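Participant: First, the structure itself, so that you have it in front of you.
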(Lines of atoms letter the chains of each structure in order from A and count residues from 1; the text may use other names and numbers.)
(Lines give C-alpha, C1' and ligand atoms only; values in the text may rest on other atoms or scores of the structure.)
Protein backbone atom coordinates (compact mmCIF):
# COMPACT_ATOMS: atom_id res chain seq x y z
CA UNK A 1 0.00 0.00 0.00
CA UNK A 2 1.13 3.59 -0.62
CA UNK A 3 -0.30 6.37 1.54
CA UNK A 4 0.59 9.58 3.33
CA UNK A 5 -0.93 8.17 6.51
CA UNK A 6 1.24 6.15 8.86
CA UNK A 7 1.61 5.33 12.54
CA UNK A 8 5.37 4.95 12.76
CA UNK A 9 8.38 6.21 10.88
CA UNK A 10 11.41 3.90 10.84
CA UNK A 11 14.82 4.84 9.49
CA UNK A 12 16.52 1.94 7.71
CA UNK A 13 20.03 1.53 6.32
CA UNK A 14 21.25 -0.77 3.58
CA UNK A 15 24.94 -1.48 4.16
CA UNK A 16 27.60 -3.80 2.76
CA UNK A 17 30.43 -3.85 0.25
CA UNK A 18 30.18 -2.10 -3.11
CA UNK A 19 28.76 -4.28 -5.86
CA UNK A 20 26.46 -6.36 -3.65
CA UNK A 21 23.30 -4.88 -5.18
CA UNK A 22 22.24 -2.53 -2.39
CA UNK A 23 20.88 0.16 -4.70
CA UNK A 24 19.11 -2.47 -6.79
CA UNK A 25 17.43 -3.73 -3.61
CA UNK A 26 16.38 -0.19 -2.68
CA UNK A 27 14.95 0.54 -6.12
CA UNK A 28 13.26 -2.84 -6.42
CA UNK A 29 11.56 -2.20 -3.06
CA UNK A 30 10.57 1.43 -3.58
CA UNK A 31 9.99 1.53 -7.34
CA UNK A 32 9.07 -2.14 -7.95
CA UNK A 33 11.54 -2.31 -10.83
CA UNK A 34 15.00 -3.71 -11.57
CA UNK A 35 17.53 -1.36 -13.15
CA UNK A 36 20.42 -3.42 -14.60
CA UNK A 37 22.64 -0.40 -15.27
CA UNK A 38 22.59 0.88 -11.71
CA UNK A 39 25.69 2.85 -10.82
CA UNK A 40 28.02 2.81 -7.84
CA UNK A 41 26.66 4.91 -4.99
CA UNK A 42 28.74 7.84 -3.80
CA UNK A 43 27.51 9.15 -0.44
CA UNK A 44 24.00 7.72 -0.19
CA UNK A 45 20.81 7.03 -2.10
CA UNK A 46 17.41 7.58 -0.48
CA UNK A 47 13.95 6.10 -0.89
CA UNK A 48 10.80 5.54 1.13
CA UNK A 49 7.70 3.40 1.21
CA UNK A 50 4.62 3.06 3.42
CA UNK A 51 3.52 -0.49 4.24
CA UNK A 52 0.95 -2.14 6.48
CA UNK A 53 2.21 -4.80 8.87
CA UNK A 54 -0.30 -6.56 11.09
CA UNK A 55 -2.68 -3.62 10.76
CA UNK A 56 -0.08 -0.96 11.59
CA UNK A 57 0.95 1.54 8.93
CA UNK A 58 4.69 2.14 8.85
CA UNK A 59 6.70 4.53 6.72
CA UNK A 60 10.20 3.25 6.04
CA UNK A 61 12.83 5.82 5.11
CA UNK A 62 15.75 3.93 3.58
CA UNK A 63 19.32 5.09 3.17
CA UNK A 64 21.54 3.08 0.83
CA UNK A 65 25.11 3.91 1.80
CA UNK A 66 28.26 3.79 -0.31
CA UNK A 67 30.15 0.52 0.05
CA UNK A 68 33.56 1.60 -1.22
CA UNK A 69 36.19 1.86 1.50
CA UNK A 70 37.09 5.44 0.55
CA UNK A 71 33.52 6.52 1.35
CA UNK A 72 33.24 4.49 4.56
CA UNK A 73 33.66 7.43 6.95
CA UNK A 74 31.04 9.41 5.02
CA UNK A 75 28.62 6.48 5.14
CA UNK A 76 28.95 6.24 8.92
CA UNK A 77 27.29 9.64 9.28
CA UNK A 78 24.01 8.08 8.13
CA UNK A 79 23.79 5.57 10.98
CA UNK A 80 22.37 8.06 13.50
CA UNK A 81 18.82 7.09 14.58
CA UNK A 82 18.66 4.06 12.28
CA UNK A 83 16.54 1.30 13.84
CA UNK A 84 16.63 -1.24 11.01
CA UNK A 85 19.50 -2.41 8.84
CA UNK A 86 19.83 -4.69 5.84
CA UNK A 87 23.40 -6.03 5.86
CA UNK A 88 23.96 -7.16 2.28
CA UNK A 89 26.54 -9.46 0.75
CA UNK A 90 26.73 -10.95 -2.74
CA UNK A 91 26.40 -14.75 -2.73
CA UNK A 92 28.68 -14.86 -5.80
CA UNK A 93 31.44 -12.87 -4.07
CA UNK A 94 33.11 -14.41 -1.01
CA UNK A 95 35.01 -11.21 -0.22
CA UNK A 96 31.72 -9.38 0.34
CA UNK A 97 30.66 -12.06 2.83
CA UNK A 98 33.99 -11.80 4.62
CA UNK A 99 33.31 -8.10 5.20
CA UNK A 100 29.92 -8.50 6.91
CA UNK A 101 31.43 -8.81 10.38
CA UNK A 102 33.01 -5.36 10.09
CA UNK A 103 29.80 -3.86 8.71
CA UNK A 104 27.86 -5.45 11.55
CA UNK A 105 30.23 -3.88 14.05
CA UNK A 106 29.59 -0.46 12.52
CA UNK A 107 25.82 -0.93 12.71
CA UNK A 108 25.82 -2.03 16.32
CA UNK A 109 28.24 0.69 17.38
CA UNK A 110 26.81 3.65 15.46
CA UNK A 111 23.08 3.02 14.99
CA UNK A 112 20.30 3.10 17.60
CA UNK A 113 20.92 0.65 20.48
CA UNK A 114 18.98 -2.53 19.74
CA UNK A 115 19.02 -1.89 15.99
CA UNK A 116 17.43 -4.80 14.12
CA UNK A 117 19.83 -6.25 11.56
CA UNK A 118 18.93 -8.77 8.88
CA UNK A 119 21.71 -10.49 6.94
CA UNK A 120 20.81 -10.47 3.25
CA UNK A 121 22.47 -12.74 0.69
CA UNK A 122 21.67 -11.00 -2.59
CA UNK A 123 21.79 -12.29 -6.20
CA UNK A 124 20.08 -15.55 -5.28
CA UNK A 125 19.22 -15.99 -8.96
CA UNK A 126 22.93 -16.68 -9.61
CA UNK A 127 23.42 -19.30 -6.88
CA UNK A 128 23.32 -22.34 -9.14
CA UNK A 129 25.85 -20.95 -11.62
CA UNK A 130 28.13 -18.64 -9.63
CA UNK A 131 27.44 -19.17 -5.94
CA UNK A 132 30.47 -18.85 -3.61
CA UNK A 133 28.76 -18.53 -0.21
CA UNK A 134 26.54 -21.38 0.95
CA UNK A 135 23.20 -20.86 2.63
CA UNK A 136 24.44 -22.94 5.55
CA UNK A 137 27.51 -20.84 6.36
CA UNK A 138 25.63 -17.55 6.08
CA UNK A 139 22.82 -18.88 8.25
CA UNK A 140 25.38 -20.09 10.80
CA UNK A 141 26.95 -16.62 10.95
CA UNK A 142 23.51 -15.07 11.40
CA UNK A 143 22.60 -17.43 14.25
CA UNK A 144 25.93 -16.86 16.01
CA UNK A 145 25.40 -13.10 15.87
CA UNK A 146 21.69 -12.95 16.64
CA UNK A 147 20.63 -11.87 13.16
CA UNK A 148 17.75 -12.73 10.91
CA UNK A 149 18.85 -14.16 7.57
CA UNK A 150 17.33 -14.22 4.10
CA UNK A 151 18.50 -14.67 0.52
CA UNK A 152 17.12 -12.28 -2.08
CA UNK A 153 17.21 -11.46 -5.77
CA UNK A 154 16.85 -7.83 -6.77
CA UNK A 155 16.59 -9.09 -10.36
CA UNK A 156 13.48 -11.22 -9.80
CA UNK A 157 12.24 -9.46 -6.66
CA UNK A 158 12.33 -12.68 -4.65
CA UNK A 159 12.19 -12.04 -0.89
CA UNK A 160 12.86 -8.30 -1.21
CA UNK A 161 9.57 -7.32 0.43
CA UNK A 162 9.97 -10.08 3.02
CA UNK A 163 13.36 -8.72 4.13
CA UNK A 164 11.92 -5.33 5.02
CA UNK A 165 8.65 -6.67 6.41
CA UNK A 166 10.38 -9.08 8.77
CA UNK A 167 12.53 -6.23 10.12
CA UNK A 168 9.48 -4.01 10.62
CA UNK A 169 7.61 -6.78 12.41
CA UNK A 170 10.47 -7.20 14.90
CA UNK A 171 10.67 -3.43 15.42
CA UNK A 172 6.95 -3.19 16.12
CA UNK A 173 7.35 -5.97 18.67
CA UNK A 174 10.19 -4.03 20.31
CA UNK A 175 8.07 -0.88 20.45
CA UNK A 176 5.17 -2.79 21.99
CA UNK A 177 7.44 -4.32 24.63
CA UNK A 178 9.06 -0.97 25.43
CA UNK A 179 12.46 -2.08 24.18
CA UNK A 180 12.40 0.76 21.64
CA UNK A 181 10.98 4.08 22.80
CA UNK A 182 7.80 4.89 20.91
CA UNK A 183 8.36 8.59 21.63
CA UNK A 184 11.11 8.56 19.00
CA UNK A 185 9.26 6.43 16.48
CA UNK A 186 5.60 7.42 16.79
CA UNK A 187 4.79 9.93 14.12
CA UNK A 188 1.17 9.62 13.07
CA UNK A 189 -0.29 11.06 9.88
CA UNK A 190 -0.22 14.67 11.07
CA UNK A 191 2.69 16.44 9.39
CA UNK A 192 3.47 18.51 12.49
CA UNK A 193 4.65 15.36 14.26
CA UNK A 194 7.47 14.76 11.80
CA UNK A 195 9.82 16.78 13.98
CA UNK A 196 9.49 14.14 16.71
CA UNK A 197 11.81 11.84 14.79
CA UNK A 198 15.51 12.65 14.96
CA UNK A 199 16.61 11.68 11.48
CA UNK A 200 19.72 12.85 9.67
CA UNK A 201 19.05 16.53 8.95
CA UNK A 202 18.80 16.13 5.19
CA UNK A 203 16.46 13.15 5.34
CA UNK A 204 13.23 15.12 5.60
CA UNK A 205 14.02 17.29 2.59
CA UNK A 206 14.79 14.62 0.02
CA UNK A 207 12.02 12.98 -1.98
CA UNK A 208 11.75 9.23 -2.43
CA UNK A 209 12.68 9.47 -6.08
CA UNK A 210 15.83 11.53 -5.61
CA UNK A 211 19.42 10.62 -4.93
CA UNK A 212 21.31 12.52 -2.27
CA UNK A 213 24.60 12.28 -4.11
CA UNK A 214 26.17 11.91 -7.53
CA UNK A 215 27.06 8.47 -8.85
CA UNK A 216 29.78 6.99 -11.05
CA UNK A 217 28.94 5.08 -14.24
CA UNK A 218 28.89 1.29 -14.52
CA UNK A 219 27.58 -1.28 -16.99
CA UNK A 220 25.93 -3.58 -14.44
CA UNK A 221 24.32 -3.43 -11.02
CA UNK A 222 27.46 -2.69 -8.99
CA UNK A 223 25.61 -0.67 -6.37
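The backbone N, Cα and C atoms fix where each Cβ goes, and this holds for glycine too.
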Participant: Under Swiss-Prot, which of the candidate ranges 29-37, 38-46, 47-55, 56-64 is annotated motif 'Effector region'?
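Facilitator: Matching range for motif 'Effector region': 38-46.
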Participant: Give me the count of other Cβ atoms within 10 A of the Cβ belonging to residue 19 (GTP binding site).
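Facilitator: For residue 19 (GTP binding site), the 10 Å Cβ neighbour count is 20.
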Participant: Pick out which of the binding-site residues 22, 124 has the most other Cβ atoms within 10 Å of its own Cβ.
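Facilitator: That would be 22, with the highest Cβ count within 10 Å.
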Participant: With the cut-off set at 10 Å between Cβ atoms, which of these binding-site residues ends up with the most neighbours? Options: 16, 65.
Facilitator: 16
